[in-house]
Amino acid sequence: MLKEDLINSGAIKFGDFVLTSGKRSGYYIDIKSAYTDPKILDEIGLEISGMVKSGKIAGMELGSVPILVSVSIKTKRPFVIIRKDDLKHGTRKRYIGSINLNEEIDIIDDVATTGGSIMKAAEIIRNNGGIVKRAICVVDREEGAAEMLKENNIELYSIIKASELR
């Protein structure tokens, strides 16, 4: 089971950590390290594949890319990689892949804390004509992401809640 595999892989670390959101935490969920194990990545991909509703998926570079690839292969859905920053060369696009007008896209993330990364991806998709109604993460830290996203008309779904890991 995924929860046990995450714990056994050492993906749950205890100590003093600063999260992407800038918040301090007594624990850290290192999904990126965990999904370097193909068994765990496959489990994550299978779980999320069953939760995807839209015809396309998207996520922020770097953390969600392996998950996007796994889910894309399993569901045969195309994906979009959202860049964290403006590209200074080439096309200068904020994303890789295509976003079509009025196309519904589910966002996938590894860990949701405040929902900031998911919201940033949603804004880029929406600003380019796409529709975002759902986000799916491996772990919801239960620190406000679901509430903030709901205020922006996005439902958050997760495989695991942080309270299940402690």
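Numbering starts at 1 and runs along the chain as it is shown here.
Backbone N, Cα and C atoms are what each Cβ position is placed from, and that goes for glycine too.
Note: Arg83 (5-phospho-alpha-D-ribose 1-diphosphate binding site) has non-local neighbours Glu61, Lys93, Arg94, Tyr95, Ile96, i.e. same-chain residues 6+ apart with C-beta under 8 A of its own C-beta. According to its DSSP assignment, Arg83 (5-phospho-alpha-D-ribose 1-diphosphate binding site) is coil. Feature annotation from Swiss-Prot assigns 5-phospho-alpha-D-ribose 1-diphosphate binding site to Arg83, Lys84, His89, Asp109, Asp110, Val111, Ala112, Thr113, Thr114, Gly115, Gly116, Ser117.
Listed in sequence order, Ser25, Ile29, Val111, Ala112, Thr113, Ala162 are the same-chain residues at least 6 apart in sequence whose CB falls under 8 Å from the CB of Arg141 (orotate binding site). Here Swiss-Prot flags Thr113, Arg141 as orotate binding site, drawing on sequence analysis.
The secondary structure of Gly116 (5-phospho-alpha-D-ribose 1-diphosphate binding site), as reduced to three states from DSSP, is helical.
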